[in-house]
Amino acid sequence: MPVASLLPFTVTPNRKSASPTSFRLTEKFILLLVFSGFITLCFGAIFFLPDSSKLLSGVFFRSSSVEAETRAGTVSDTSTGTGKDEKILTHKPRPREKAAKMAMPCCAALEKRKRKLEMMQFSWDNYKRYAWGSNELRPVSKQGHSSNLFGSLKGATIVDALDTLYIMEMYDEFEAATEWVERNLDFNMNAEISVFEVNIRFVGGLLSAYYLSGKEVFRRKAVELGEKLLPAFKTPTGIPWALLNLKSGIGRNWPWASGGSSILAEYGTLHLEFMHLSALSGRPVFAEKVMNIRKVLNRLDKPQGLYPNYLNPNSGQWGQHHVSVGGLGDSFYEYLLKAWLMSDKTDEEGKKLYYDALQAIEKNLIRKSSGGLTYIAEWKGGLLEHKMGHLTCFAGGMIALGADGAPDDKTGHQMELAAEITRTCHESYTRTSMKLGPEAFRFDGGVEAIATRQNEKYFILRPEVIETYMYMWRFTHDPKYRQWGWEAVQALEKYCRVEGGYSGVRDVYANTPNHDDVQQSFYLAETLKYLYLLFSDDDHLPFEHWVFNTEAHPLPVIKKQNPEIANQLK
């Protein structure tokens, strides 16, 4: 197009300033300037007002995540388990270029999001190069690694990372992982595994991969593994064993767990996955098993309204009265809330159990230090231990997620509480030399948010603080949460990145890292995914349609549209 045609007036060699035509052109020019100013103001409002990213996506883009209910990830209880790919409600993939444009209007946020892609690519490529098929990677020694949590079961990183690969649109890598699952993921072995870990990583990872991609192999494998886990519930009370031999079906508990007790965070973190197994297989047995756990708990007296970490599966009585919102207890509370959300807010029992538990936690465990930091202590037989674990830092995000449904107009209070806990966890990072958080930190003896014991100073690439930043960003759009997330990225790059991947460190207060030589599978499943979503648009896996299991595997809300199956899942 000629340049002259873009101008608001006509260029002539003998222009007369006083002519009527000249006046009309000037008037048009002024009107055009006014119109241009109006457009500029509109764009400024979209880009710079609070919640501008959501407004921008709503005005200019039709997000694939919210195009329709089926694209948003909700699934109806009308699932029959027939296994036909076309019946699954999938998350619609977006081309990388388009996803980049939709992520945020801010160039800096887009660049930071690209960094998460590069971190994931680096983690995955090194795992594939040095440990393909193994459960995890040793990035310093460049070889495979496995803990006793998985027995001889293989491929934890592959299964755990499936949905992260898909969400980040690393489709070639996703296809390679899918091929491995189809050919090599085998559950027919004489292996003793952790029911909890295998459920959240393997069952959760397979379910999420199925809902995102619609590939039948993931549904089939998830249901097959779920059936392998059912013998764990063969106890007098139905409270499952912690450990299970996949071949013999014989279960037992950890010998150190309060006289052979089952652990609250383990038997209480099966609900989301097992409800989906029933929805996908058409078999109510999975839902029945986890609903029975609630029945057992409802019969028990709770000291001060709290749930002790240990429960004997034979007698149905509490073990030691040790209460923690961190290790041994954490995800039990998370799953009460998320069971209600995942049920399309029809699980009223789950809702009441969650808010009652949170009220007891706030009354008995939540304290404020002399320096003004809010923390969640641990409770041992009525006495408080003023210690908070890195695992406990998920609670900021959990409380924010549940604040909107809080009873008695407590939404604002719970959001304030969530923000205070998040700040405390951020302080545990900033008060270390590496700007990475310790495994646990204390509030006693004049110390605040600092680890005082050597065995609490390590960092193993945990996600909980990043997870809470992501939730807090989604609900408040306060830019400090993205800034804190970016600080964590810089620390990970500086102290945890090695030639062969990412490694945990043994002392976050040291000036130079002493690497533990393990790239945890949850680093790819959780830490990097939450970082990616922290810098993504809000409608990328929106909370109203997706619920994340405790390993960050997104599962769709179950719509109660079929009365018959709805009754089976109650």
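Quick reminder: no glycine exception, Cβ is built from N, Cα and C everywhere.
Annotated features in TrEMBL:
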- 29-49: transmembrane segment (TRANSMEM)
- Glu197: active site, proton donor (ACT_SITE)
- Asp330: active site, proton donor (ACT_SITE)
- Cys393-Cys425: disulfide bond (DISULFID)
- Glu439: active site, proton donor (ACT_SITE)
- Glu464: active site (ACT_SITE)
- Thr550: Ca(2+) binding site (BINDING)
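Sequence features, as recorded in TrEMBL, placed on the structure.
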{"residue": "Glu197", "record": "active site, proton donor", "CB count, 10 Å": "20"}
{"residue": "Asp330", "record": "active site, proton donor", "CB count, 10 Å": "25"}
{"residue": "Cys393", "record": "disulfide bond", "CB count, 10 Å": "31"}
{"residue": "Cys425", "record": "disulfide bond", "CB count, 10 Å": "27"}
{"residue": "Glu439", "record": "active site, proton donor", "CB count, 10 Å": "20"}
{"residue": "Glu464", "record": "active site", "CB count, 10 Å": "23"}
{"residue": "Thr550", "record": "Ca(2+) binding site", "CB count, 10 Å": "24"}
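Between the CA atoms of Glu464 (active site) and Asp330 (active site, proton donor) there is a gap of 11 Å. Looking at Asp330 (active site, proton donor) and Cys393 (disulfide bond), their Cα atoms lie 10 Å from each other. Taking Cys393, Cys425, Glu439, Thr550 as the recorded positions under consideration, the smallest Cα distance to Glu197 (active site, proton donor) is found for Thr550. Comparing C-alpha positions, Thr550 (Ca(2+) binding site) sits nearest to Cys393 among the recorded positions Cys393, Cys425, Glu439. A separation of roughly 10 Å, to the nearest angstrom, links the Cα atoms of Glu439 (active site, proton donor) and Cys393 (disulfide bond).
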